[in-house]
């Protein structure tokens, strides 16, 4: 794993050479293909070097990080063309990627915490430095304070675990189990905010709306997965307490998912709609994960990877419209079927993936999650059926309002879209549909 970290470290000086934007992007794509070919990981730690290693759980998320960061550079053509600070932008992206790879490959809980919190800083710089509106400062503060408020209790919890167990290694921690309520809440709250769970989700729509397309892709694609990944790692030592308290989080997530779906149906901002839909999707992933059944754990892992590709693609599509029309409002982004006919196909394909249509990986994840949550409690069927119905409803609302109808009166041109944009959509959509053929990957790691 150290070779991947060093590779990313050696990319960072290239960021300062002028006209090397595409070189950095090609190198990150190259790294992701090499990592893809290293698919020999099992459910125990391999490729161990220093405090870094990789198992099946890390493998999928590191691969997702590399892929999304490479696609992020493809999407940020406007930064490359019109921005004077593109070298700093490249450095920021590479540093963020490096921190994410270190987070997912750390074998120690403390090192995981360190990189988990550090990855917040480049994300904050992305929003503050390359965001669109003046409100980005407020969005940055929301992001910072929501995360930092719960990270100190988690650090104290980690020190308590170190004191009791004498080790921080994930593979040695599985032998311990704790029955201390305060420790459970200290450890879980940091991950619940990062997921984010309903009630602590307000930072997410704000950050998404103010972030550039690269910031939105990285937030939706990878940052939300840090919470789920952390929970999958520590849930083994908190099993007894989780059986006692999980009903609280599952109830909030399912009811919250339905309420957020209603919020989606009232949105006029494209980005805010996609951001709120992320809260609903991660809510169902969180509920499945906390049932602690085999179906639930595997389903939440599948849905995290599927959601990373799908919502990142939708944000890129929203950005394609924004670059042409200068607005994210659905009142202006309408009749796009006349304005960009070829791009309407990608709107359809990614919208259908968002509502978990076959053969996407979302379908596999959602079926597994439905199975686990219903077997946990029959009562949850009411909220799950509402959630599934309204999930399809707001996705149809997004597609039909943006594509159909009379084109906005101020738009007189016709746009075919660039090859770069079609490539971007294909590279989001293909893995999403091809991963279903390799679905045993999501079932191996337990």
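Cβ atoms here come from the backbone N, Cα and C positions, even for glycine.
Fair warning: this is a prediction, and the values are worked out from it, not measured in the lab.
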With TrEMBL as the source, which of 247-265, 418-436 is set down as transmembrane segment?
247-265
With DSSP as the reference, give the number of residues of the domain 'NADH:ubiquinone oxidoreductase chain 4 N-terminal' (1-103) in helix, strand and coil.
76 helix, 7 strand, 20 coil
Which residues of the chain, 6 or more past the ends of the transmembrane segment (376-399), have a CB below 8 A from one of its CBs?
247, 250, 254-255, 257-258, 261-262, 264-265, 270, 273-274, 277, 280-281, 283-284, 287, 291, 293, 296, 347-348, 351-352, 354-356, 366, 370
Does the transmembrane segment (50-75) come close to the transmembrane segment (182-204), meaning at least 3 CB pairs under 8 Å for residues 6 or more apart?
no
Do we see three or more Cβ pairs under 8 Å linking the transmembrane segment (272-295) and the transmembrane segment (216-241), pairs being at least 6 apart in sequence?
yes
For the transmembrane segment (87-104) and the transmembrane segment (335-356), check the count of CB pairs under 8 Å (sequence separation 6 or more) and say whether it reaches 3 or more.
no
